Amino acid sequence: MPLDPVAIVVFLLAVSLLGLSKGGLAGMGMMAMPLMLLVLPPGPAVGLMLPILMTQDAFSIWIYRGRWDVGNLKLLLPAAGVGVLIGMALFVVMPQRAMLGVLGTVTLGFAIRGLVVRQAPARVPHRAVGWVLGTLSGFTSTVLHQGGPPFQIYLIPQRLPRDVFAATTAAFFAIVNFAKLPGFIALGQMTREGLIVAAIAAPFALLMTWVGSRVVMKISPAHFYPLINLILASVGIKLITDALW
């Protein structure tokens, strides 16, 4: 990545947001890739962020160890595997503008949903819905590191306990990100420069993951959602505009 001051600041901000998200503040990581796309093309940005994500995944798994919902993981992970394969098949041939459009649409849609949908009674969506959303999560996670929205759309209606939700999210994306690694190596997206940058940033990434987990233990993440969703909506609109013009 270009080592100019603006790019470094953007990268550290993206790593911070991912760390807070991996620590349990679901939704904050949605801003990371849009920020990275301000200084890098989609392919290199995705390849650079994967080792950072995997480092944070390992730490968040340790933080929330043993508290995940096994039933949800058994349903969603096989579907996500299908989505990862589809994403790898389309990664090279998908035009850059299309990738920006996908990210912008997903980001804006999730933000609008978060702003307008009121709290509803707990319910478990149909298994078929889980397969569709799990596949979408694997696909969008592969092409743009944005698998959160489909996954959360399936999990949020269940109103799982805070720690169970955070642990299930951590376990799901740790496995999905590991599954993406061989494909990204084969596609040439895991560069030596990117791995060096990721290694240098690893301590900071782990620190922000720990900070996120501490905040979750003290403050309800719901207090952060209105502001996060407003920011996401503006970022989504910008990316869609960039994709169209």
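The first residue you see is number 1, and the count goes up from there.
Just so you know, glycine gets a Cβ as well, placed from its N, Cα and C.
Among the residue ranges 128-144, 213-229, the one that TrEMBL annotates as transmembrane segment is 128-144.
Within the same chain, the transmembrane segment (164-187) packs against the transmembrane segment (75-92): three or more Cβ pairs sit under 8 Å, each pair at least 6 residues apart. Comparison of 33-54, 75-92, 98-116, 128-144 by number of C-beta pairs under 8 angstroms to the transmembrane segment (194-212) places 33-54 first.
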